[in-house]
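Student: The structure is given below, and queries will be raised subsequently.
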Amino acid sequence: MELRRFSVFWCRTILFGSVLLQEAESYIVKLSRLCKFCDVRATSCMGVKSCKVECGITSICPDKQDVCVSIWRKMDDNITFDTFCHNPAHMLHGLVLEDHNNSKCEMKEVKGRGSQFFICSCSEDECNENIFFSSTLDSQVVEIILVSLVPLLVMAVIVITSFYCYRVYRQRKASSRCKRGPPDFSDARAIIIDDEGSDSSSTHANNLNHNMELLPIELDVLVGKGRFAEVYKAKLKQGCSVSEEQGFETVAIKIFPYEEYASWKNEKEIFSDADLRHDNVLHFLTAEERKVQRQYWLITAYHPRGNLQEFLIHHVISWHDLWMLGRSLALGVAHLHSDHTTCGRYKVAIAHRDIKSSNILVKNDLTCCLCDFGLALRLDNTLSVDELANSGQVGTARYMAPEVLESRINLENIESFKQADVYSMALVLWEIISRCNAIGEVKEYEPPFGNLRENPCVESMKDSVLRDRGRPEIPNSWINHTGIQVVCASIDECWDHDPEARLTAQCVAERFYDMEYLDKLSGRSDSEEKLPEEISTGDKK
Ligand code: ADE
């Protein structure tokens, strides 16, 4: 009996102890929250960064589940804070308090309340006293930035797209003016060059004097002087292989002093491409190093009529001469720029980069041939970074295209070098017309921009060509002649300020071909001043 009493006593003691423990536990976990509780109060808080609610009342929340809540509202100029307790299991103003487990009260904006409405909840004592608007502010800033930037971005996209479309339109217009489908290599009018049938392995091998034996040459008179070299008329002595095989007796020797090795090497390398050979490109024979005289030589065909500038100074020409000179000049430049030969084989495109009337020779048949390739550039993918970097501004200031004067040529696009050549070619075509008797009264020869001093510098050319957008004058009297009118229209398109809008040299050549009927119609009157008989026997080609 005693034993039973003893065990009942211990059971009761243990039971009572565990009930006490449970009560204590629930007392610790479920302590009622202390929150700021002022209901609605006016505030000076502007809803930026952080604020302290101006509420002096701290309440023990009625329900143990309650958390602290703050609401910030702005209606017109009336700004208020609501502070109170709320059980997050229930909706508040139609909202679920998702942030009630936070230790800090971080405001979130609720839209569509007819006023600015921010709410936060948190579950630490008096945590609704210090309010943070940081994230809201960020989103406001982002919103403001977006609202102000989006119209600007849209405008920029519209402007860039319109500009791009305009450029594409101009480019298409420029190329459509001459589009005739793929080149027709069987065209009887196409230039016949004597490399037909030679295989492409001949590239770089032709014309070089490999046996190291110097040609027997007798220098005659000085016929030209350039920046890097002098040109002599010369005689190939009897029995020489070049003389016998290629029919040359009189040749031109371009002599570079040792110091101008780079220029000689560049010109030699350009000439050494067999595919460069063309009726309208100076015929190259060979290159030599003359150690004794410390000179480098380039040996080429000799053209007794000399350069085009000299020729125009001394001759007034007919429409037929103009047509011959202009057409052959365009053909020469087109061949240089082309990446295929007249028989369709691949060749490297070349930019001349110093096209001017004194770098063009006049052949006996009154056609032009391009010479002086000292600054020429092979437009292939072997171009080194250095070569490209040094290609910004070369040539003769008077003939430099606007983008070259500005050193703003697009070095990444090989077409830009061709476009700069086309600009210079347009100035030469203008010089040719200025000496043609079909324009009416013919004045003394003047170079393009002749009002400028002898060798204008880049800065004076910038003033004329860039600042004033000046070009040589095309008087009204010039366009009375149908053919000259067409040439002037082409010139105008070739010296366009926008390189992309310029015609290609091939296109100009085709326009000359289209005028062949005019040439046939016009009575041919050759250039007015004749050269002495003696000098017309140089090139037997
Ligand atoms: N001047 C420069 N090169 C010439 C050449 N090959 N023939 C005649 N005169 C020139």
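Each residue, glycine too, has its Cβ placed from N, Cα and C.
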Student: According to TrEMBL, the disulfide involving CYS61 connects it to which residue among CYS11, CYS38, CYS85, CYS105?
Tutor: CYS85
Student: TrEMBL has VAL223, GLY224, LYS225, GLY226, ARG227, PHE228, ALA229, GLU230, VAL231 down as binding ATP; which of LYS237, LYS254 does it also list for that site?
Tutor: LYS254
Student: TrEMBL pairs CYS35 with one of CYS11, CYS55, CYS68, CYS105 in a disulfide bond, so which one is it?
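Tutor: Recorded disulfide partner of CYS35 in TrEMBL: CYS68.
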Student: Disulfide partner of CYS51 per TrEMBL: which of CYS38, CYS45?
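Tutor: Disulfide partner per TrEMBL record: CYS45.
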Student: Scan CYS120, CYS127 and flag the one TrEMBL records as disulfide-linked to CYS122.
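Tutor: Going by TrEMBL, CYS122 is disulfide-bonded to CYS127.
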Student: If you pull up TrEMBL, which of CYS105, CYS165 shows a disulphide to CYS120?
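Tutor: The record-listed partner cysteine is CYS105.
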Student: Disulfide-bonded residues CYS45, CYS51, CYS105, CYS120: which have a Cα within 10 Å of CYS35 (disulfide bond)?
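Tutor: For CYS35 (disulfide bond), the disulfide-bonded residues whose Cα atoms are within 10 Å come to none.
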Student: I'd like to confirm something. Which of the disulfide-bonded residues, CYS51, CYS105, CYS120, CYS127, has a Cα closest to the Cα of CYS61 (disulfide bond)?
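Tutor: For CYS61 (disulfide bond), the closest Cα among CYS51, CYS105, CYS120, CYS127 is found at CYS127.
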Student: Could you work out which of the disulfide-bonded residues (CYS38, CYS55) has its C-beta surrounded by the smallest number of other C-beta atoms within 10 A?
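Tutor: Candidates: the disulfide-bonded residues CYS38, CYS55. Fewest Cβ atoms within 10 Å: CYS38.
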Student: To the nearest whole angstrom, state the Cα distance for the pair CYS51 (disulfide bond) and CYS105 (disulfide bond).
Tutor: 11
Student: Quick check: in three-state DSSP terms, what is CYS61 (disulfide bond)?
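Tutor: Assignment for CYS61 (disulfide bond) reads coil.
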Student: Expressed to the nearest Å, what is the distance separating CYS68 (disulfide bond) and CYS38 (disulfide bond) at their Cα atoms?
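Tutor: Here the two Cα atoms lie 12 Å apart.
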Student: In terms of Cβ proximity under 8 Å, which residues at least six beyond the ends of the transmembrane segment (144-166) contact it?
Tutor: none
Student: Expressed to the nearest Å, what is the distance separating CYS120 (disulfide bond) and CYS127 (disulfide bond) at their Cα atoms?
Tutor: 10
